[in-house]
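*Asks:* So that we are looking at the same thing, I have put the structure below in structure tokens.
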Amino acid sequence: MLTIADQSFHSRLLLGSGKFSTPQLMQQAIKASGSQLVTLAIKRLELDKPRNDLLTPLRAMTIQLLPNTSGAKTAKEAIFAAELARDALQTNWLKLEIHPDPRYLMPDPIETLAAAEQLVKLGFVVLPYCSADPVLCKRLEQVGCAAVMPLGAAIGSNQGIQTRAMLEIIIEQATVPVIIDAGLGAPSHAAAAMELGAAAVLVNTAIAASQDPVAMAGAFAQAVSAGRIAYKAGLAATQAYAASSPLTDFLAAL
Amino acid sequence: MHIMLNDTPLQLAAVSTLAQLLQQQQLNTEGLAIAVNDSVIAKRLWHEYQLQNHDQIQLFQIVTGG
């Protein structure tokens, strides 16, 4: 079971709800993923455009909705977005993300730490998206974040785990769940993240932008489970040479 | 009374609270959040909040996103 703050989840796969071609496809993919935590965003209402009822079908599913602060460029903007999201969804859970850079969407560590500290004081359960920086992750934990969400690679890049060495240190030191967010482009990347000892992973683009998002959601679910079981089982050590004692014995018997 | 609703100027007559404004605009309140003059007004206060002349009202909604 994955436990974040006072909540437990069977699934260790968090799903982002963006980029699906239709709301129906998104719902089917959520179902196939088995995910119990699904992220949403908040933005200004465009009065001249019709609104889709996104929430009614999502509320009918047994999932927890996790609003994010995507679009915020500063701590101040993120806190404003957090307060709006809390009221809109009636949840104090929050995926904090602050990325002023529109090209790579790299999280701003200074603004993120400042916002996290404030938001914890305001009663939010804060899950910050952050760089794979062991010192930053420790600081986020110390100000009261319920988890840390370091990146595997740039958001939407599908490059897999480019930050492996740093993630290993973060996981070793963390006393809150480490959720690897961003950059996981294939089920094998998710499995690798879980084998490292991540508590969970968050996936969006790799599922939503695949040719068959529902099938891909199922593939990610299996990969996350397999990776977790492998981590618990303890991987055999890697070696520089091949040691095959049965073959040696066979030759000696001739 | 003149207000700004998401940057659109609006002249109000028989409307005095935020809740009445939403009703007049026929807005679905599911997933909606409101800030007046850059302060978030909680849902439970929409019935009480008295609109003032020149209030800047911003409406936000939950959308999909990673």
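Numbers run from 1 along the shown chain.
Cβ coordinates are placed from backbone N, Cα and C, and glycine is handled just like the others.
All annotation found in TrEMBL is predicted automatically rather than curated by experts.
Pasting the relevant annotations from TrEMBL:
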DOMAIN    A:3-245  domain 'Thiazole synthase ThiG'
ACT_SITE  A:LYS95  active site, schiff-base intermediate with DXP
BINDING   A:GLY156, A:ALA182, A:GLY183, A:ASN204, A:THR205  1-deoxy-D-xylulose 5-phosphate binding site
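For each feature listed, report its degree of burial, its nearest neighbours and the pertinent distances within the displayed model.
*Replies:* Along the domain 'Thiazole synthase ThiG' (A:3-245), the predicted structure has mean pLDDT 95.
Sequence-distant contacts (6 or more apart, same chain, Cβ under 8 Å) of A:LYS95 (active site, schiff-base intermediate with DXP) comprise A:THR39, A:LEU66, A:PRO67, A:ASN68, A:THR69, A:LEU127, A:PRO128, A:TYR129, A:MET149.
Secondary structure at A:ALA182 (1-deoxy-D-xylulose 5-phosphate binding site), taken from DSSP and collapsed to helix, strand or coil, is coil. Of all the Cβ atoms in the protein chains shown, 29 others lie within 10 Å of the Cβ of A:ALA182 (1-deoxy-D-xylulose 5-phosphate binding site).
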*Asks:* If you skip the near sequence neighbours and keep only those at least six away, which residues in the chain come within under 8 angstroms of A:THR205 (1-deoxy-D-xylulose 5-phosphate binding site), Cβ to Cβ?
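*Replies:* Same-chain residues close to A:THR205 (1-deoxy-D-xylulose 5-phosphate binding site) (Cβ under 8 Å, separated by 6 or more) are A:GLY16, A:GLY18, A:LYS19, A:ILE155, A:GLY156, A:ASN158, A:GLY185.
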*Asks:* In sequence order, what residues of the same chain, 6+ apart, have a Cβ less than 8 Å from the Cβ of A:ASN204 (1-deoxy-D-xylulose 5-phosphate binding site)?
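*Replies:* Residues satisfying the criterion: A:LEU15, A:GLY16, A:SER17, A:GLY18, A:LYS19, A:THR39, A:GLY156.
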*Asks:* For A:LYS95 (active site, schiff-base intermediate with DXP), just give me the three-state DSSP call.
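*Replies:* Reduced to three states, the DSSP call for A:LYS95 (active site, schiff-base intermediate with DXP) is strand.
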*Asks:* Is any of the recorded positions A:LYS95, A:GLY183, A:THR205 near chain B, in the sense of a CB under 8 A from one of its CBs, and if so which?
*Replies:* A:THR205
*Asks:* Should A:THR205 (1-deoxy-D-xylulose 5-phosphate binding site) be counted as helix, strand, or coil on the basis of DSSP?
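*Replies:* For A:THR205 (1-deoxy-D-xylulose 5-phosphate binding site) - judged by DSSP and reduced to three states - the answer is helix.
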*Asks:* Between the two most separated Cα atoms in A:GLY156, A:ALA182, A:GLY183, A:ASN204, A:THR205, the residues recorded as binding 1-deoxy-D-xylulose 5-phosphate, what distance in Å do you get?
*Replies:* 9
